[in-house]
Amino acid sequence: MAAPEDVAALQAEITRREEELASLKRRLAAALTAEPEPERPLRVPPPPLAPRAALSRDEILRYSRQLLLPELGVRGQLRLAAAAVLVVGCGGLGCPLAQYLAAAGVGRLGLVDHDVVETSNLARQVLHGEAQAGESKARSAAAALRRLNSAVECVAYPRALAEDWALDLVRGYDVVADCCDNVPTRYLVNDACVLAGRPLVSASALRFEGQMTVYHHDGGPCYRCVFPRPPPPETVTNCADGGVLGAVPGVLGCAQALEVLKIAAGLGSSYSGSMLLFDGLGGHFRRIRLRRRRPDCVVCGQQPTVTRLQDYEAFCGSSATDKCRALKLLCPEERISVTDYKRLLDSGAPHVLLDVRPQVEVDICRLPHSLHIPLSQLERRDADSLKLLGAALRKGKQESQEGVALPVYVICKLGNDSQKAVKVLQSLTAVPELDSLTVQDIVGGLMAWAAKIDGTFPQY
């Protein structure tokens with residue numbers, strides 16, 4: 001049995017340790033709830049991380065499973081601790097990517113995102129929670145990563161990456177991960193990486209599919225080598241329009257994280273000069289070879305003409321955001337606001353409301369008095385759809401006390417497809433009932449209806 005003085009000493013040591021632990025918990029709680037630090041000047045690259053000579057006891061325990069990998073080992077872990085990675089986009093790709101980089105012990109993470117957390121993000125952007133709705137994505141991600149690994153320095157840049165400061169920022173990091181959601185930013189990040197001499201790990205995801213590759217590394221091509229010219233803006237679909245299953249960007253973000261870790265640890269890259277294609281619905285992974293680096297590439301070629309960053313929105317003809325652009329295809333007389341349509345609806349004036357969204361969106365929500373004919377069927381002049389529209393117009397005319405033709409109001413989600421549908425209806429000759437008929441689209445669509453008229457109507 002231990003002597004009384006030994007028991008007393010142990011009890012005193014336990015008390016001291018408990019007080020120390022309580023103090024550390026109070027400091028941690030204060031740090032997590034403190035106001036964010038002032039943003040560092042964006043034109044000044046962060047100072048390089050100091051090289052590490054050894055791992056601490058806590059680090060050895062924390063990273064013990066990956067330290068056992070002969071390819072990584074202590075040397076690779078020390079390289080990770082001294083590495084700085086810039087993550088452009090803290091959404092469906094950037095969240096899982098940054099999460100695994102922080103967990104693996106990367107020394108510094110720069111997090112660029114101008115957007116704020118929205119409820120519709122939470123199904124796939126796993127660093128953010130319900131309590132963060134309305135907060136900056138960059139700051140929300142940084143706070144979550146600090147909770148995951150307090151040893152990792154997380155620097156938030158809550159603004160859109162732009163040509164006037166992107167190059168200085170990229171020069172302050174060793175590896176860049178492109179997790180953005182728009183074409184202009186992809187070209188901007190690529191050019192900045194080439195001019196700064198940094199490898200770029202890039203991925204994208206939409207619906208059930210995605211792709212991932214490494215640009216400008218180990219003699220491989222850059223983004224411009226593969227895509228010299230941007231696609232026409234009208235051919236680009238984003239997640240807000242096309243949809244995405246959250247696990248798909250999760251898979252691609254994890255693939256990105258693996259490539260970043262290999263490059264940062266000095267293990268090389270598996271996807272420099274090739275691309276991973278993922279089909280989540282079919283469950284297929286496929287690897288394809290990309291074209292080689294182009295000698296005539298305007299940014300990484302033998303005689304480059306792009307020697308500084310440019311206006312990428314002008315170059316691509318689209319904005320550096322994933323927000324849907326509001327089209328202006330019709331004159332004001334061919335459009336009606338949701339407020340005016342609600343007034344018309346309340347008056348009981350006879351009319352036809354034509355919903356031109358795809359069936360999958362109509363299944364989510366609809367106005368009960370609407371007639372559904374998808375825009376795609378109108379565009380291909382589907383005979384059954386035109387008969388359905390003609391029958392609705394004839395029935396409405398017969399039921400109308402005045403016996404006059406009914407006006408048609410066209411609605412969609414945001415007010416873009418409805419304008420296209422009005423153009424189609426104006427050109428139809430196969431439906432006699434449309435001759436000399438008033439056809440207008442409803443500005444802003446059902447999302448404007450939900451925002452301005454009916455707060456209980458679902459938004460998606």
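Note: Cβ is positioned from N, Cα and C throughout, glycine not excepted.
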Further binder of ATP named by Swiss-Prot next to D113, S120, N121, L122, A123, R124, K137, D181, N182, taken from the candidates G92, G94, G210: G92
C412 (active site, cysteine persulfide intermediate) - helix vs strand vs coil (DSSP): coil
Active-site residues: C239, C412 - member with fewest neighbouring CB atoms within 10 Å: C239
Taken over the region 'Interaction with NFS1' (158-238), the model's mean pLDDT: 95
Helix-strand-coil residue split for the region 'Interaction with NFS1' (158-238), DSSP-based: 27 helix, 19 strand, 35 coil
Alpha-carbon distance [C239 (active site, glycyl thioester intermediate); C412 (active site, cysteine persulfide intermediate)] in Å: 17
